[in-house]
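I have placed the structure first, in the form of C-alpha cells, so that the comments after it can refer back to it.
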Amino acid sequence: MGSEFVTLSLTPLLIGIFAAVACALPGNFLLLRKQALIGDAISHVALPGIVVAFLLTGAISTWPMMLGAAGAAVVAVVMIEAIRRLGRIEPGAAMGVVFTTLFAAGVLLLEQSDTSSVHLDVEHALYGNLESLIWLDGTGWGSLLDPQALAYLPVELPRMAATLVVVAGFIALFWRPLKIATFDESFARTIGMRTDLLGLALVITAAIAAVAAFDAVGSIIVIAMFICPPAAARMMTNRLELQIAWSVAFATLSAIIGYVLAGYGPLWIGMGDAVSAAGMIATISGVILAIAAMFGPCRGRAGAPSGV
Amino acid sequence: MLIDALFLQMGYNATLVAIGAALLGAASGITGTFLFLRKRALVSDAVSHATLPGVCVAFLVLVALGGDGRNLAALLTGSAVSAGLGLLCMNWLTRNTRLAEDAAIGAVLSVFFGFGVVLLTVIQTLGVGRQAGLEGFLLGSTAGMLYTDALVIAGGGAAVLFLVLLTRRPMTMVAFDPEYAAARGLPVSKIDMLMMGLVMAVTVVGLKVVGLILIVALLIIPPVAARFWTERADQVVILAGVLGALAAYLGAAISASAPNLPTGPIIVLMSFALFALSLLVAPNRGVLAAVLRHQRFQRRLHMRQGLLALAQDQTIYEPLTLRLLSRAGLVRADGVATRSGQARAAKALRDERRWDILRRDQAQEAAAALYDGLREIETVLTPDQIAAIDREIGTPKEAF
C-alpha cells in the first residue's frame, strides 16, 4: 500500500468511485419514477454519437465525443417520444426500437470507417478501460502535494469529479421539486410545477453522468450503477434522504470492492492476470443488491420494515 | 452483387446464413409479439444480456474437459442456463421485493453482463486465440457459420414455432388480459414462464447470427411494426413473423453482398426500415393516414363554417375557407356566393336549425348526442322525422 498503490490504483479507484456515485444519484429518481432503463438506453446510444463525432473530427478527442454522445442521447429521447406519440406505442417497446437501432447504426459506422488505427471499438465502449487510467507521475503519497505531478493526473479524474459536482448540484438545487414530482406528479402539477421540464432536466443530468462515466469506465458500470445501488438502497429505507445516502454508500462500496477484487482477486487464487474491473464492479453491485433484496428491512412490497 | 445475394447465388455460406437468418427472424417476430402485447418487451433485453456468463462458463468447462471450446450446441446450452437463471432472478425480484419490473430488468441485465465480461477477461488470460469465437456472440458473426450451426438454428427456430402454434390461444389471452385469463382458470404465471422460455430460446438461437446485444431488436421491432397494420392479434403474430423473416433475410443478403457490412447491425437496420415504413404508411394507425384524416376533418370543418357564414351574410376572411368554397364553385373570386353556394348555405343553416330543435327534444336524446357540428342530419333521422322538424321551423321568412 505504498507508492505503487498511488501510481497504479489510486486514480482508477477514485474515477470508479466518482463515476459510480455520479450515476447512482440520478438513478435514485429514475428508479422511483419507473424510468430505470433510461440509463440502459443512453449507454447504448452513446456509441453512434461517439463514432459520428470521431468521423467528423477525425481524432479521439474528449469534448467532441462527449458532445456527440450527449447529442445522440437527446436524439434518442426525442425519437422515443416521437415514436411513442405518433405510433401510440408503449414506452418500453418504443425505447427498445430506438436504442437497438441506434446501437446497430453505431456498430455499422464503426465497421465501415477505418478506425483500426485508433483505440475505438465496441469492446472498449462496453468495458471501458478503468485499469489503464494510471497516474505515472504519482510516485508516492507525496505526489498528491506536488503540483508538477498533479498536472499529469489522467484527465478523466478531474472530469469525472466535475461531473459528480454537477450532478450532485442539480439534485441539491432541485431537491424539493424533484422529491414532490417523483412521488406525486399530479400534485406537483396542481401546485404549478413544470413536471415535464423537470423530468427532461433529470434525464439530461442522467445523460451527462452516463456520457462522462461512459468515456472513463464503459457502459456496463453506467447501467449497473444507475440501477443496482438505488435498488439496493430502496430495500433499506422508506425515506428518500436515507435512500440516497445508502445508494452512495453502496456505489462507493461496489467500486472499491470491485476494483480490488478485479485487480488482486485473481492473484489471490493463483491466477496470473487481473480481470475486467468494470465487469467486477457491476458484479459486486449485483451481489450487494442480492443481499439487500434478501435481508433489507424494507424489501417487501408494502414497504414497512418487516416485523414492525 | 445484391441481386445475386437476394436470390441466394452468393455461394454456400451466404445461402446458409440467409436461410438461417430468415428462420430466426420469423421465430423471433412471432415470439416477440406476445411479449409486446403483454407490455414486457424489454424483458428480452435482460434475457439476452444474461446469456453472456453462460456462454463463458460453457467455454471454460469445455476447455477444462480438454475440448477446444467451440462446440456451438454446448455454448448455446450454457447460454440458455444462464439466461434462465437471469429470468428467475428477475421474477424473484419483481415478486418478492418492492422493485418494479424495469428496475429488475436493468439489474439482471447489467449484473449478468458485467459478470460475463469478467469471465471473458478470464478466458482471455487463459491463452490468446482460443477465445476468438466468443467475441462473436456479442455482435454476431456469420462469417464462419457451419452447416451444423445452421442446423442448430433451424431446429431451434422450428421448435419455437411449433410451441407457439400449440400454445397461441392461452398466450394471446394472457397477453391481452391477464386478470381475465386468471379468472378463466389459466395458469397465468406458468404461461408467462413459457412465454419467457420461448424468448430465451429465440435469444439463444439468435446469438450466433445477430449477437446478444442486437437480438433484442428482432424480438421488439417486427411486432411493433406489425401492430400498425392490423387490430387482430392473430394477424399481428403472422405479420410480425413475416416482417422479421423479411428483415433478417434482406439483412443477411445485403451483408453478404459487400465487405465490412456486419450481419447483425444490417438486420436490425432493415427491421427498423420496415418499422419506419409501417409507421408512415400503414392504413388507419400510420402517420400518413392520420395526417390525411386530420386534413379531411379540417376541410369539412372549414366548409361547414364557410357555408354558415355565407348563409348569414358574414364576410369570410379565412383564406383556406375561401379557397375550399371557391374550388367547390360555391363562391366567386370576390367572395360572393354563387347560386349553388346560396343553396348549400341555406341548407347548412337550415340543418343547424333542425339540430337545434332536435337537441331540445328530450325524447331524441340518443340522436342528439351524435351532434358534433359536422354530422349530416340525414344520417341520424329518417325523412319523416326531418319533415316533422321542418314543420316546426316553418317556411322561410323574409330577411330584415
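We count from 1, first residue shown onward.
Cβ coordinates come from backbone N, Cα and C, glycine included.
Unlike curated records, TrEMBL annotations are generated automatically.
Bear in mind that the values here come from a model prediction, so they are computed numbers and not experimental data.
Listed ranges A:37-56, A:117-136; the one TrEMBL annotates as transmembrane segment is A:37-56. Just going by CB pairs under 8 A, the stretch in A:37-56, A:62-80, A:196-214, A:244-262 that sits most against the transmembrane segment (A:274-295) is A:244-262. With a cut-off of 8 Å between Cβ atoms, the residues of this chain six or more beyond the transmembrane segment (A:157-175) that come close are 11, 14-15, 18-19, 21-22, 25-26, 29, 62, 133, 198, 201, 205, 208-209, 212-213, 215-216, 244. Using a cut-off of 8 Å between Cβ atoms, the transmembrane segment (A:62-80) and the transmembrane segment (A:196-214) share at least three residue pairs, counting only pairs 6 or more apart in sequence. Proximity of distant same-chain residues to the transmembrane segment (A:6-25), defined by a Cβ-Cβ separation under 8 Å and at least 6 residues beyond the stretch ends, is recorded for 39, 130-131, 133-136, 138-141, 143-144, 153-154, 156-157, 160-161, 163-164, 167-168, 171, 206, 209-210, 212-213, 216-217, 221-222, 225-226, 229-230, 244, 247-248, 250-252, 254-256, 258-259, 263, 277, 281, 285. When Cβ-Cβ distances below 8 Å are used as the criterion, the transmembrane segment (A:196-214) is approached by residues 19, 22-23, 25-27, 29-30, 33, 35, 38-39, 42-43, 46, 66, 69-70, 73-74, 77, 125, 128, 159-160, 163, 166-167, 170-171, 174, 177-178, 181, 188, 221-222, 225-226 of the same chain, each at least six residues removed from its ends.
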